[in-house]
């Protein structure tokens, strides 16, 4: 396990990660940009089988028991074929809707079973929601390479410098904010219960958040000691937050961080120094959409699997 106070991914352009000090260890690579929602392809295949079944079926007529499709009020064969086509389409739509409802119900039951299996009687990491947050979804944000990038190596024009004690020696940590992070925090301030959950140590992350959160919009701060040690990875177990998982979202650049709850995750690219980065702004429309859904996992998990 890492002994460094900072947990972050490797910057391919930063030779400091390979220095003898070994103060900034590497982690997993980030995922690609958040995928767009799409309809699963296997439903079309199921529909084609139903079409084949329905193509040979014509609704019966009370007068001729469906044996004659050419003598109903003088309608032409083309009219009858068109009616049959419309009927088949209606049946197909009803079948697709039924299949989708069944799939969602099965998926929700899987989530319920998963949630129940992870409840082990531990005291939640957070106290119950305060009254003004009741009804809001919980947004869990990573810190390093998601909101900021920190380095023990001096950087040009850092946003702030944090002194950190390591083995009796004070080291200066140079912190740069991701583009638009201030706008991002302001935009979500009243829409979510906001939690920063980092695998870094509190002695580094706490003062960083003091500088970053000038508007005091972050409601909880969770650090490395709140992570779960799983096969050498710091995993952020969302089931320990004391919040309903269907209303919990995590934004993180490291897939290992949300290993237990990938269906709750919005992956974000790791940020180091790209001044043109707009990832945080690009997240806002998606977050606004998730506010409106009952179970965020149904949206995020479907997008992740397509």
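Count begins at 1; order follows the chain as displayed.
A Cβ is built for glycine as well, from the same backbone N, Cα and C atoms used for every other residue.
Feature annotation from Swiss-Prot assigns active site, 4-aspartylphosphate intermediate to 142. Taken residue by residue with DSSP, residue 142 (active site, 4-aspartylphosphate intermediate) is part of neither helix nor strand, so it is coil.
For 132-290, the entry in Swiss-Prot reads domain 'FCP1 homology'.
For 1-45 (among others), the entry in Swiss-Prot reads region 'Disordered'.
For 61-116 (among others), the entry in Swiss-Prot reads region 'Disordered'.
The site 'Transition state stabilizer' annotation in Swiss-Prot covers 198 (among others) and is backed by similarity to another entry. Sequence-distant contacts of residue 198 (site 'Transition state stabilizer'), defined by Cβ-Cβ distance under 8 angstroms and a gap of at least six in the same chain, are 7, 142, 143, 144, 205, 222, 223, 224. Secondary structure at residue 198 (site 'Transition state stabilizer'), as computed by DSSP, is coil.
DSSP assigns residue 236 (site 'Transition state stabilizer') to coil in the three-state reduction, outside any helix or strand. Same-chain residues at least 6 positions away in sequence with a Cβ under 8 Å from that of residue 236 (site 'Transition state stabilizer') are, in sequence order, 140, 197, 199, 222, 226, 227, 228, 250, 252, 257, 258, 260. Annotation source Swiss-Prot lists site 'Transition state stabilizer' at 236 (among others), citing similarity to another entry.
Within the model, the domain 'FCP1 homology' (132-290) carries an average pLDDT of 98.
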